[in-house]
Ligand code: HEM
Ligand SMILES: [Cu+2]
Ligand SMILES: [Cu+2]
């Protein structure tokens with residue numbers, strides 16, 4: 001058994017080795033940068049959630065309970081932009097990813113430690129610009145910035161917000177480049193590609209999207225700013241531009257971006273499910289390659305956001321078919337996780353509960369994606385609350401659950417402390433329940449025809465809206481709870497051992513928390529990922545497997 | 001809370017598709033949650049049967065191929081089913097009543113062929129195909145009628161088409177469903193389906209200053225169109241015809257696009273040709289004079305009237321040629 005993190009390990013660890021503020025702000029240690037990022041995206045998550053709370057409160061009444069039409073429009077714009085670019089896109093890669101990539105590779109740091117620090121500063125500046133724009137003047141375009149509304153018909157602060165999102169793109173690209181090169185160059189001796197933990201496959205696929213898709217967003221935003229400021233006709237037909245061009249460019253980034261948001265979550269879930277079943281991931285290679293194929297096909301489906309926008313019939317048919325195709329690898333992952341559970345030794349600790357929540361909610365999100373990939377049903381459901389429910393199932397139900405699964409799972413490694421298990425399970429259960437109560441009614445609202453982004457609505461929709469708002473208050477509780485007990489555990493939590501979950505990754509071979517240089521002795525890899533037999537030895541020869549799945 | 005009515009045959013068909021999707025989803029969800037629970041119950045820690053990594057790897061291929069191909073097959077069937085229903089939306093039947101709907105921040109303006117107009121209300125007769133010609137004066141809007149399960153974005157300076165045949169008398173809400181600024185949620189209205197007799201009465205009682213085509217004829221002369229374009233079946237002189245293409249028999253015919261390709265003259269073509277000829281028509285080279293641009297001169301309502309007038313000059317073709325779905329036209 002590895003040593004517990006006694007006070008001595010703590011002092012040698014990256015957390016306490018040099019405690020000055022200066023050493024934190026100028027650090028190039030990937031673990032410290034991960035924590036800087038964690039503090040920043042938590043702040044943005046709180047900000048975005050406050051927006052959501054006001055939105056749900058407002059929609060209790062058909063005439064709108066608390067906000068003016070204008071404030072309401074600004075509120076959902078703020079919510080969307082903050083949540084997408086300042087929380088979801090960076091979330092897992094820049095926090096857990098930053099912390100884990102070198103550890104999982106058996107390396108002392110990322111390939112470019114200073115670039116990593118720069119990416120955090122870029123991100124903070126981007127966040128500051130966006131928040132400045134959104135609160136000094138505000139913006140009412142939605143997170144999608146559709147033209148010509150955003151270029152010629154808004155009094156809002158387009159420029160700072162767009163500049164902020166533009167800047168955050170560079171931060172994404174820097175992280176992507178850093179991960180790709182680290183995974184290629186810094187693998188420990190013996191760590192072949194097919195021995196990588198699936199988390200790294202997922203982060204690799206994510207990084208490829210970061211690098212290839214983000215520049216398109218940057219260019220699009222520059223064109224948007226040009227038209228807004230200089231009235232150069234790019235998108236506005238009144239100036240000789242083409243409004244659909246904007247949508248093509250925007251979704252060419254933003255559809256792959258939804259996979260930026262979900263792939264890392266899938267990586268986390270693969271790790272957690274394997275550990276808490278104490279069993280290798282079923283179909284390792286299929287799960288690994290499904291991440292890559294999602295990233296690849298994900299570039300070819302942007303047109304499914306434009307089935308009623310006025311593109312040609314042929315385009316719609318082709319994009320519909322490709323959208324069905326891209327959901328096949330996601331389905332493969334779900335089946336493989338279930339296959340992993342079969343015949344394992346399942347423990348239901350908080351990370352596993354969150355991971356199971358992810359599988360369930362992601363499946364609902366994916367299945368409702370089929371309703372939207374189907375042409376004739378999309379026509380009815382698009383632009384309604386059905387779409388809102390669909391992507392919240394995937395991004396909040398799925399992605400945020402996965403983020404919480406990962407936080408609980410690696411918390412002992414990051415901080416050297418255990419979180420209180422009972423509270424962890426309670427919060428996971430509460431999240432699942434509150435989430436469904438919030439978003440399931442929105443599927444029905446969407447079918448009934450309630451449009452999204454409405455500040456007021458016909459009275460017939462009130463019952464379902466009130467249900468949704470009630471769910472949101474439970475959901476809020478499920479988010480506040482971990483915030484409290486995580487902070488508590490920083491000071492009072494039980495000391496963690498190096499490998500509290502009996503997991504196989506390299507990150508569990510060093511102390512909790514790890515020393516600044518990660519490994520006192522550089523590790524050598526002699527086994528596949530998830531080789532529990534090797535971990536558990538002196539294992540007798542394994543018995544025959546159960547008869548069927 | 002009343003359940004959403006299905007006020008057309010198409011709406012019913014979409015509901016069946018949605019039902020199919022729902023059944024498949026429930027089956028998959030049942031499978032996923034069922035397996036999850038079963039696994040948890042059977043394989044909780046303690047009741048453990050160790051499994052070696054090698055046997056799993058060997059066995060996994062069969063399963064992977066099985067569930068991948070089943071998933072693919074089901075998806076492909078769904079795709080075809082939904083696509084076939086969608087294609088219909090691009091094929092308005094002949095003889096549809098053409099109604100012009102113009103969106104602006106934040107209202108819907110509706111013009112009927114007889115010259116009647118109204119705001120945020122749309123009257124149609126039961127059992128007759130209706131084609132809406134949608135355009136916007138400012139930003140992108142979207143015209144959505146949930147009871148008919150149809151919607152389409154409404155783009156500035158461009159026609160989009162939406163057609164339906166209502167099969168249920170009554171009042172149904174329509175909405176703007178593309179965020180268009182702070183008044184977005186106020187941009188709603190009512191679709192009123194009347195029996196043919198009631199509809200005729202309603203048309204008769206609603207004041208109209210001359211039919212749309214009559215107004216269009218006046219505009220045709222007033223804006224100088226008639227100075228170059230012939231609009232009489234019997235050509236007054238060879239000189240005139242050589243200045244610009246004749247309008248007689250034009251609607252519904254084939255003409256030449258800017259790159260020499262064949263394009264069909266429909267509402268969208270005429271709309272764009274009046275505003276900026278060169279981008280849609282390849283005829284310019286054949287004539288000595290250039291047509292001025294009418295952008296900023298003619299409002300959307302005037303364009304609708306002019307098109308209605310030009311349509312009357314091709315009586316034999318005046319049916320069912322609303323929109324073409326050809327990619328080259330859609331893209332400009
Ligand atoms: C895998 C993770 C997924 C994520 C993160 C995701 C996310 C999103 C988001 C953010 C939107 C809304 C865009 C907007 O209107 O603002 C959306 C819409 C859509 N999603 Fe997904 N989605 C996922 C999976 C799927 C799957 C598996 C499918 C198809 C089989 C799918 C099909 C669609 C379609 C067709 C739309 C467009 C809906 C519309 O606006 O008409 N999605 N998705
Ligand atoms: Cu998409
Ligand atoms: Cu609107």
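Every residue gets a Cβ built from N, Cα and C, even glycine.
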Correct range for transmembrane segment (source TrEMBL, candidates A:7-33, A:385-411):
A:385-411
What average pLDDT is reported by the model for the domain 'Cytochrome oxidase subunit I profile' (A:10-526)?
93
Are the transmembrane segment (A:353-373) and the transmembrane segment (A:423-444) close enough to be called in contact, which here means at least 3 C-beta pairs under 8 A that are separated by 6 or more residues?
yes
Look over the recorded stretches A:34-60, A:201-230, A:250-274, A:385-411, A:423-444 and say which has the most C-beta pairs under 8 A to the transmembrane segment (A:158-181).
A:201-230
Among A:34-60, A:117-138, A:201-230, A:250-274, A:385-411, stretch most in contact with the transmembrane segment (A:286-307) (C-beta, under 8 angstroms):
A:250-274
Cβ under 8 Å to the transmembrane segment (A:423-444), counting only same-chain residues 6 or more beyond its ends: which ones?
56, 348-351, 353-354, 357, 360-361, 368, 385-386, 388-390, 392-393, 396-397, 401, 404, 408, 464-465, 467-479, 481-482, 485
